[in-house]
Number of protein chains: 2
Amino acid sequence: MAPSKEVSIAVIGAGGVGSVFLQQLAHVANNRPSQIRLVYVAIVDKALYHTDYKHIEIATALSALEATGRPLPSIPQTIEYLSAAPGKVIVVDNTSSQQVAEAYPQFLRRGISVVTPNKKGFSGSWKLWQEIFDAEGTDGSMVYHECSVGAALPIIGPLKMLVETGDEVTRIEGVFSGTMSYLFNNFAPTEGSGGKWSDEVKKAKQLGYTEPDPRDDLNGLDVARKVTILARLSGLPVESPTSFPVQSLIPKELEGVDSGDEFLTKLSEYDDQMEAYKAAAEKEDRVVRYVGYVDMASKQAKVGLESFDKSHPIASLKGSDNIISIYTKRYGNLPLIVQGAGAGAAVTAMGVLGDVLKVLERIR
Amino acid sequence: MAPSKEVSIAVIGAGGVGSVFLQQLAHVANNRPSQIRLVYVAIVDKALYHTDYKHIEIATALSALEATGRPLPSIPQTIEYLSAAPGKVIVVDNTSSQQVAEAYPQFLRRGISVVTPNKKGFSGSWKLWQEIFDAEGTDGSMVYHECSVGAALPIIGPLKMLVETGDEVTRIEGVFSGTMSYLFNNFAPTEGSGGKWSDEVKKAKQLGYTEPDPRDDLNGLDVARKVTILARLSGLPVESPTSFPVQSLIPKELEGVDSGDEFLTKLSEYDDQMEAYKAAAEKEDRVVRYVGYVDMASKQAKVGLESFDKSHPIASLKGSDNIISIYTKRYGNLPLIVQGAGAGAAVTAMGVLGDVLKVLERIR
């Protein structure tokens, strides 16, 4: 069933997602012994590769990289190297690097397919988005980025299918951040009273649910990036993730604070602000949530706090789950809803691997 | 971006789904003028095709079929005809025919890909399932049947991806029938008291939500077929849709009744039976729903009535929506949930077309 042409794979990044991806790839490659040739693995400062493109044993790639890695080549050097690799080439970008994302058009123009959970390439400037999709197709190159929104949850693939078959998106709404989901499900639960805002933020950080500096979650940019991607796929050429209204949950007074730790220490002084949102919602027997919207009729995107009836699926979300509702002409009043873990190394790596398998199926 | 190799397409069936599929295909084909050659369209008793494989104008195919169709060739004749069509061939089965489904292995062995919403091929005997997937791959032939469960909802594709990347399904539960969803959301709503069972069945029939004979929904076989497909994809080799417990909602006393109409007339005499289920659930502040299960730990599938807490997503379903929860090792306690319209001509045709586009992308 599976195509058996040999394909060269390059993996950039071996953090939480990248290292689990390599484990999962090793499992899959065992079932396709002659198809997958790992020719390049890189971390932030070094890379492992052989000038004769000898296959790197996947299961031990990271320890080999640690032991015998060479200084990281530049991106143009990497592209030169990969261009001559056996068969078609897939580069898997498991970083969140802006620099790597900006190189996607160069990879694609050389016939190298790109698979990535990195949001930067698809949620940065409209120009970069256009360059990526203009370059896609050169010599059969493909781009897959399912995990740039909601990890492995089936969102981007189905959304592209809807549009390609002639359906029209009318509205998208959802909770797009596992961190925000966790924070609000605990701060303003549908049953019980919930904790103090600053306590919930501290707890989330301790559990590893936030970025090292929680302000990188609370500023809303992560959600704005995902909304940007969904808007563009729906046909709205959003200029950038800062070109539409995004409500930051960082108190104005703390915007200039130097460190994330200092921010966390001082955050409790401003709990009143979030408490006010919560109380206003409670008055109407509702709960407050941090959501993103794309509205195709008014051609607007928006990210921020909204209140929801307690029976609304967005209100009754659990843990750090994401939920995405896609309203279209064909689906009518009841949207297509996808819900589940939108972050975490295992599911993100799985979604990336799923995209790699799609490229393998399509490679000619 | 799109591959431009010419592909011949044969469409069998032009009922609700089939006719809308042709409209949608016409729209897509306009954007890929030289790629799609419609070489065969058939309804129950006739077919339109040209011995020189001249392209049939898609937008007017049905009226041309009506006017100039020839007697329906046999399946072996159809396969002979299609085997010599230009380029690779895709047969789109928009019927619910057992006979066509049983021919899938023959199509596939001749290199003809199969795309279909027809459940019969995948939920019949285990032997037919094996024959289909053994034959898949011959000369690059492919099988796509996303719409055999939940119409265009992303269920089968994502489930296959989970398994292929090494995740393990632990449990699947859901409401798999739009008819059953509508009936129970109205018979036992989470708010208010709901109607009498027999009245709801009559209303559903009037609205066109049931099969012509509502017993074809109430016997549970449709749900059992979908559960069979999901179980098999999860790795449970279910023998047939009648090889596990399926609760029929047809009162024993009415099993022998001749016509659907007589059945509907007499159904109200047995409303007590369904009322008892509803009352038992209400006593615990719950509601009754008709659900399907696959449990991988106990290796069992099951279809029937269950009660749910009113805050459970299955309880708060609306309209005739489906909901499917997939629990896996990687997703842990909070499943991947997909919800939305699982029936209807527009969304089903769209899902079929989405599958056709996947085949077009993969054809070499």
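Any Cβ shown, glycine's included, is placed from N, Cα and C.
Record features (TrEMBL):
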- A:GLY13, A:ALA14, A:GLY15, A:GLY16, A:VAL17, A:GLY18: NADP(+) binding site (BINDING)
- A:13-146: domain 'Aspartate/homoserine dehydrogenase NAD-binding' (DOMAIN)
- A:THR95, A:LYS119: NADPH binding site (BINDING)
- A:154-357: domain 'Homoserine dehydrogenase catalytic' (DOMAIN)
- A:GLU211: L-homoserine binding site (BINDING)
- A:LYS226: active site, proton donor (ACT_SITE)
#### Entry: Cβ atoms near the residue listed as 'L-homoserine binding site' (within 10 Å, other residues, all chains)
16
### Query
How would DSSP class A:GLY13 (NADP(+) binding site) in three states?
coil
### Query
Can you tell which of the recorded positions A:THR95, A:LYS119, A:GLU211, A:LYS226 lies nearest to A:GLY18 (NADP(+) binding site) in space, using Cα positions?
A:THR95
### Inter-residue C-alpha distance, A:LYS119 (NADPH binding site) and A:GLY13 (NADP(+) binding site) (nearest angstrom)
14
### Other residues, Cβ within 8 Å of A:GLY13, A:ALA14, A:GLY15, A:GLY16, A:VAL17, A:GLY18 Cβ centroid (NADP(+) site)
A:SER19, A:VAL20, A:PHE21, A:ASN94, A:THR95, A:ALA345
### Proximal residue to A:VAL17 (NADP(+) binding site) among recorded positions A:THR95, A:GLU211, A:LYS226 (C-alpha distance)
A:THR95
## Note on the structure
Taking all protein chains shown into account, the Cβ-based neighbour count within 10 Å for A:THR95 (NADPH binding site) is 22
## Note on the structure
The sparsest Cβ environment within 10 Å, among the binding-site residues A:GLY13, A:GLY15, A:GLY18, is found at A:GLY15
### Task
Using A:GLY16 (NADP(+) binding site) as the reference point, find which of the recorded positions A:THR95, A:GLU211, A:LYS226 has the shortest Cα-to-Cα distance to it.
A:THR95
## Note on the structure
Check: min Cα-Cα distance from A:THR95 (NADPH binding site) over binding-site residues A:GLY13, A:GLY15, A:GLU211 goes to A:GLY13
### Task
Look at each of the recorded positions, A:LYS119, A:LYS226, and point out the one with the fewest other Cβ atoms around it within 10 Å.
A:LYS119
### Task
Pop the Cα-Cα gap between A:GLY15 (NADP(+) binding site) and A:GLU211 (L-homoserine binding site) into the table, whole Å please.
14
